[in-house]
Amino acid sequence: MTYNIVALPGDGIGPEILNGSLSLLEIISNKYNFNYQIEHHEFGGASIDTFGEPLTEKTLNACKRADAILLGAIGGPKWTDPNNRPEQGLLKLRKSLNLFANIRPTTVFKGASSLSPLKQERVEGTDLVIVRELTSGIYFGEPRHFNNHEALDSLTYTREEIERIVHVAFKLAASRRGKLTSVDKENVLASSKLWRKVVNEVSQLYPEVTVNHLLVDACSMHLITNPKQFDVIVCENLFGDILSDEASVIPGSLGLSPSASFSNDGPRLYEPIHGSAPDIAGKNVANPFGMILSLAMCLRESLNQPDAADELEQHIYNMIENGQTTADLGGKLNTTDIFEILSQKLNH
């Protein structure tokens, strides 16, 4: 079997971190004996510059045919038209591929806890995953309108939309430490009342998982005061957007965090959580670990290569523990150095 991978370098530092990661993929495929082919497509601001829109039909169709999609980063101050922004292409891609589940791990690596803005003893050992519903909720609800006197957004969830994301979270929790925290605002929001009801019903199918409920404001506090208590957190779109960004600063650098977006039966999208960082683009100083860890998620989830994913992740953990990092993590290496060291390790 030959896996079909679509590469979307995007904007800013996206091309350099993605292209370096693809060089690692070539080494890994030879080592673990699997085949793949890459289709490169412009996306985001780069696509606006070339084609006048952030996501062309050609790119979208290629993504629909793919086994996996790797995205570098998109956006930047260059693209200011509110009706034609790079981020709109990403929203359209998620919706078109029905990428309803966003998986965001937050891990404080051994040897890197001093980088956290929180006390070391508070964050050491943190290993949590936020499962965010990605294609419904207030970002997509209708009706919506805006004028100078009034604005309206609609927060709507159906039972089916809640059930499918909650099943993803329960299955993930069952494969980890068996603890699921469901986040809502059940004390005031009707949508959250349905959310909590559905979570409780679905929990009966997963007796091995312990479930607790937290209001979103309480969860935001506990993420700071005791992040180690969490295993898997599941929440609706808006809450997940905020909480996952909050959690991402716990390790001390946005450059350490990967993410994946899943559908039930189509291609999956893998990307680091950081932005395009146009201020450092092309300077060979970007931290590529988030992109490489996203590649590891892709190896495990879409390319059926769990051993390769484990090896790649372990090499990264060892590098971080030994201080072999870029400047944002307190190290002295540049982007190219990171890829060269990993290439040497993988070739052994």
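Backbone N, Cα and C define each Cβ position, glycine as well.
The structure displayed is predicted, hence computed values, not measured ones.
What Swiss-Prot says about this protein:
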type	residues	note
BINDING	76-87, 275-287	NAD(+) binding site
BINDING	R94, R104, R132, D217	substrate binding site
SITE	Y139	site 'Important for catalysis'
SITE	K185	site 'Important for catalysis'
BINDING	D217, D241, D245	Mg(2+) binding site
For the binding-site residues G76, G275, the one whose C-beta sees the most other C-beta atoms within 10 angstroms: G76
Rounded to the nearest Å - Cα separation of K185 (site 'Important for catalysis') and D217 (substrate binding site): 8
Mg(2+) site, defined by D217, D241, D245: further same-chain residues with Cβ within 8 Å of the Cβ centre: V216, S220, L238, F239, G240, I242, L243, S244, E246
Which of T80, N84, the listed binding-site residues, has fewest other Cβ atoms within 10 Å: T80
For D217 (substrate binding site): intrachain residues, at least 6 apart, with Cβ closer than 8 Å: K185
Most Cβ neighbours inside 10 Å, all chains, among the binding-site residues D241, D245, D279: D241
CB within-chain contacts under 8 A for K283 (NAD(+) binding site), separation at least 6: none
Residue, out of the binding-site residues R104, R132, whose Cβ gathers the largest set of other Cβ atoms within 10 Å: R132
Between R104 (substrate binding site) and G76 (NAD(+) binding site): CA-CA distance (Å): 22
Between N287 (NAD(+) binding site) and R104 (substrate binding site): CA-CA distance (Å): 18
Rounded Cα-Cα span from D245 (Mg(2+) binding site) to D279 (NAD(+) binding site), Å: 21
Maximal Cα-Cα distance (Å) across residues annotated as binding substrate, namely R94, R104, R132, D217: 27
For Y139 (site 'Important for catalysis'), the number of other Cβ atoms found within 10 Å of its own Cβ: 17
Residue pair N84 (NAD(+) binding site), Y139 (site 'Important for catalysis') - Cα distance, angstrom, rounded: 17
